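Features reported for this protein in TrEMBL:
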- 27-52: transmembrane segment (TRANSMEM)
- 64-84: transmembrane segment (TRANSMEM)
- 96-114: transmembrane segment (TRANSMEM)
- 173-193: transmembrane segment (TRANSMEM)
- 221-239: transmembrane segment (TRANSMEM)
- 276-296: transmembrane segment (TRANSMEM)
- 328-349: transmembrane segment (TRANSMEM)
- 361-381: transmembrane segment (TRANSMEM)
- 401-423: transmembrane segment (TRANSMEM)
- 435-456: transmembrane segment (TRANSMEM)
- 468-489: transmembrane segment (TRANSMEM)
Amino acid sequence: MGAKDTAALETQSIEENFDQPSPLRKIISVASIAAGVQFGWALQLSLLTPYVQLLGIPHKWSSLIWLCGPISGMIVQPIVGYYSDRCTSRFGRRRPFIASGAALVAVAVFLIGYAADIGFKMGDKLEQTPRVRAIAIFAFGFWILDVANNTLQGPCRAFLADLAAGDAKRTRVANAFFSFFMAVGNVLGYAAGSYTNLHKMFPFAMTNACDIYCANLKSCFFLSITLLLIVTVTSLWYVKDKQWSPPPVNPDEEKTKTVPFFGEIFGAFKVMERPMWVLLAVTALNWIAWFPFLLFDTDWMGREVYGGSSEGDDRMKKLYNQGVHSGALGLMFNSIVLGFMSLGVEWIGKKVGGAKRLWGIVNFILAVGLAMTVLVTKLAADYRKTAGPYAGPSPGIRAGALSLFAVLGIPLAITFSIPFALASIFSSSSGAGQGLSLGVLNLAIVIPQMIVSLGGGPFDALFGGGNLPAFIVGAIAAAISGVLALTVLPSPPPDAPDLKSGAMGFH
């Protein structure tokens, strides 16, 4: 960076009035970072569970890899958010953290993509599984990737709030664009994951240790990091950030605040009122329902719908890979529905009689959708009995499975918006801080994720393996959360803020 550029960055805070809402083009530029972040999340959700099984991790233990997501969401994002509020860098409060997160993503993507190659160089035998060294490198890179994504997301959302400068309408617009770019990133990620010949764009990706599936994963991550770096560098260069100067602090008071954020989080439980407790219960059940499907959806397509196996012969592995890529296509359809549904949440909520009623209704849609996986699996198994074990699903069964992915985009859009909006509404009526209440709500999301990550695989194994047992538990949890949302969850006040003013995002 030249001296003139550095000087421009240092003097920008003087030239701009950060107390006024920023132009829409700058908000769109920062919101576009969500597309790069979500591209990586989409690849994780669609491709990485099957990949770790190809490296030799048994199906029942593969969910443990996903513990890093909820753990980093619970620890990293609050800490990064807290310190980004107090960052005194001359480049601003948020930009240093966003840039650091993007750099960490690049490191993580390299480790994940080249885990098989590095493990082979370190002594892994190609004909043996599990490949212990490759798995260790992959797991380390995966944890870095989740930490990096959480380092990016919190400051990015906070940066949008800074740019809105307290203007309610501009805040709603910023959230709408952030949600839109999340859907864009999902569509791009799942589209890349569903394309089986992507490795041909990068001929060097396929090696002795890295087969076609591994090479496609590498290629997807190359595209992911390219998109993330382009949108991040462009946004951080174009949109300037306010430099923060700390107010005078009494040293005695500062010593008493050893863990300021988490002290406030646990203190909030003591003063929380009944509406917030009910919201936490409904949210926790909702995520117990969602996480098994989000974790194993593409594995379900490869294993149950296509009848393949990541541990079988070459034909079975090929069949499994076809199912995984078909699942990624289904997730792309899911994201398209999610994007359109996100823009209509407020209007639909008014038509059905309010936010809590809408949430209850879509939870029943989620329950039915998860239960339908049993029917699709049975139809696929019956078809293979007559057509042969390597036949895969019939076109009708495949279309039914893909339709199921698309329909589940409806409840997912509500899950990404209404709980956060209700938390903001209930916190304003109880006198608690909005950020604090959203932090408490995040615990109701990540703790169920940790439970499913620890227990999902072993629970499935108790019933003979496969994904259906966890899906059935998810269907039951979704139905219970729907009943609670309709009967126990209090209705927000009639003059409550718009739904779209709530946070939108996947933690």
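Cβ from N, Cα, C; glycine included.
Touching of the transmembrane segment (328-349) and the transmembrane segment (401-423) is concluded from the presence of at least three CB pairs under 8 A, sequence neighbours closer than 6 excluded.
Beyond the transmembrane segment (468-489), the same-chain residues lying 6 or more positions past its ends with a Cβ under 8 Å from any Cβ of the stretch are 275, 278-279, 281-282, 285-286, 288-293, 296, 300, 304, 356-357, 359-364, 366-368, 370-371, 373-374, 377, 411, 422, 452, 456, 459-460, 462. Most Cβ pairs under 8 A with the transmembrane segment (27-52) among the ranges 64-84, 173-193, 221-239, 276-296 are made by 173-193. Sequence-distant contacts of the transmembrane segment (96-114) (same chain, at least 6 residues past either end, Cβ-Cβ under 8 Å): 33, 36, 40, 48, 80, 83-84, 87, 89, 137-138, 140-142, 144-145, 147-152, 154-156, 159, 205, 210, 217-218, 221-222, 224-225, 228-229, 232, 235-236.
Remark: the transmembrane segment (276-296) contacts the transmembrane segment (361-381), by the rule of 3 or more CB pairs under 8 A.
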